[in-house]
Ligand code: AMP
């Protein structure tokens, strides 16, 4: 399976002090501080180092500035420092003055500036301390060790920059300084070339790159090749592709021409094919082969079929004469020319007796079934002249006959006709039309072929297919009587001689005149057409009832309970939705509920937190979903539907419904301060949150809110076991729901709630509205809104929602959890996500994700839904992992992020800091002390309320620092929450 990782990152080095053999000549100030010293590295290669060790003197401030570093096209720069630091304890008599850190700065400029170091022009990157800098020697003394630290700076806006090192009294040897940035290296994927691409400026951004087809390849229709360069310099998510043009086929990463004797007719074909029969080519790279001499390809023939030729002549032609009709019959040709589209055409010629001279028969002769394109091997030629000589040629033709210039091949016979019947009566005139009669006259046929003794008139009512009447007449005029008034009739006439009847002439349509009285209306019972129509309509009605009966039967079948299993009942099957609510949800008295504050926004109104005190029970924290002012009856029904569903569930990992308020008295609910009672009798009009009859859904309170936001807030703060524990809970909740026959359709981290014990519970139930209130849901071509990134392929493509599609969504939730709330498929568009998934792309393992968990995700994203694990199996697999934590180890060599478990008691207790200054010092951000003071953040409580925007507005520009400060604020906030149990609203 394609997991999207294409190639390793390439580092582009801007500065590497180790690679330089001559003197570095960086600027050091004041004299006596940093000194350039030559040394040898661990491989005894000469290197240049800088050292400083003024540990005896107080108030040291020694600066060292690198040469100017041009940043090129880089946006995020990595600085790797290798250094040793002496342990102050190992230096006798330095107590008080010796330091064990130094500071790293940078200054951006567009060109080299003077040799003076102006401290205030530098921006601090970090204070660098020696991590495990000293190891215990055999004799108990501490030995120096080489430290490696990497820092990231960016985004940079000038052409280049300097790095500077500030020593404040430590004993340091700077062994090497390496400055580099990362690139996704040029690559060919799916026959498209992707150029070297510099990674984006933000850690989470992907750079979308369009590929260029390699030579002799073209873009697949509507599927242009794209890839994404990640911040780590890895190519991710290949979408679309190029394909070799006609005449070329793929070999490795290139397109090669088809060889001689081979062709490829379209870019869609994968391989070159051998030339079909009777064709050849003697050049390379052709899209089709030429036909051999005497062979042809019809216009509609694809290049893949053999070349063919015209058929030989038909065989065994025989004839039969009946008066002026000749019947011809023959057998198919011996050689069909290699085709199966052979038809026949007839050539008729009338010849004089002496000397034999022939002319084409012309349009008076008829052919049955037709003259050309005959599929069967016979034809009747009619309306020939009596006592005449004819020759008939029968030719076989196929799809290439018209392309061939060779001689026509046909079979021929000569025939003399006998006495014949008269030809058609072609001209009929309506003389007089009355209510009940029509008078007609006509001309004699052009070829009477004898003496006409009689004419026959055939007529019938136009609407009726059954009734026909005939009248005979010797004269060439007649009146037809006993007709119905206002009725359309069709008339046809033929002549009769001793040789028999001629053929009928053309149809003549005449409508009789209207009658004055109403009695002319034709009764519907007498009209067979109408009767048929009635029967057909009755049949349809019966059919419609049968189909409806089936659907209705199925709907109620949903609600049937099977003995032994509890089954989910669709509230929509209740005629009265109120009955469903009260069957599954307890009605609560509004006076038992105290609203405290608004915590979120739902589709139907605000979501609040508060307390519930039922008689004889302890009061508990609850979440209260309210229905907004001025709701319609439909909104009320849809809103309560969630309660009807939730009320049927009882599982520790499914959010628990306490009850509903549907019969409250008129009241006004005010935006209020914590702790107030909120219910006032009408009238009271002060910025009401709600007024009217209150409708509420009361749910157990989940202190940590929705899972996605919670994870983002605590990025990197949990152990893998804690994360797997959360996933196990969600899987157990889903196992329960699927056992009950409930399909969630919108399983996503944002629809999981987390309580104070980190227990995760499935929430957000509803029917159609489940999707309506999800901001992630978008309209798809199959109709209806779907949260594309979370939804299985078959549900997107043809709305097949099942527990197996819930398993797919669960896999996405696993990915969200393991990446701490990262957005699935990052900033790709929904269209690209659908395309990528269809092409087999699956999300790669998040950072630090154990391979076993990623494998489980991939199993959940199996294309065939039968291949996906069931929730029952998922719970089993996760339980096994939790019991054997070794299986959750990340393999060596992967980059691991530091884990500072949220609930781990060893985290520094922020509430013990007495001032903002102390706290900033502890997190090594003391340089921003003034920024905090200037903006009035003087207490830890005020700092705990800060948002990321607040932190940015302090003038802290380094993204790394903003993140560090913010994550410490969040940890402080969590600790305060645990301590006071009160909400700090941000
Ligand atoms: P919902 O309409 O269910 O999507 O809820 C909107 C928001 O209210 C959610 O994203 C949560 O942040 C919050 N919320 C809903 N239910 C609860 C609950 N039981 N406990 C705590 N917060 C909740």
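Glycine is treated like the rest: Cβ placed from N, Cα and C.
Among 566, 625, 634, only 625 appears in TrEMBL as part of the ATP site alongside 599, 600, 601, 602, 603, 604, 605, 606, 607. Taking TrEMBL as the reference, the stretch among 529-552, 649-672, 673-696 described by the feature transmembrane segment is residues 529-552. Taking a Cβ distance under 6 Å to any atom of ligand 1 as the criterion, the recorded positions 53, 88, 98, 171, 605, 607 reduce to 607. In this entry, ATP is bound by 599, 600, 601, 602, 603, 604, 605, 606, 607, 625, whose most widely separated C-alpha atoms sit 14 angstrom apart. Apart from the site residues 599, 600, 601, 602, 603, 604, 605, 606, 607, 625, the chain places the Cβ of 608, 626 no farther than 8 Å from the centroid of the site's Cβ atoms, the recorded ATP location.
At the 8 Å Cβ threshold, with sequence separation of at least 6, the domain 'SAM' (911-975) lacks contact with the domain 'Fibronectin type-III' (421-515), having fewer than 3 such pairs. A helical conformation is recorded for residue 88 (disulfide bond) in the three-state DSSP classification. Closest by Cα distance to residue 88 (disulfide bond), from the binding-site residues 603, 605, 607, is 607. Long-range neighbours of residue 98 (disulfide bond) (same chain, six or more residues apart, CB within less than 8 Å of its CB): 55, 88, 91, 169, 170, 171. Comparing Cβ neighbour counts within 10 Å across the recorded positions 53, 88, 599, 601, the minimum falls on 601. Recorded residues residue 603 (ATP binding site) and residue 53 (disulfide bond) have their alpha carbons 65 Å apart, per Cα-Cα distance. Note: the domain 'Fibronectin type-III' (421-515) comprises 0 helix, 44 strand, 51 coil (DSSP; helix = H, G, I, strand = E, B).
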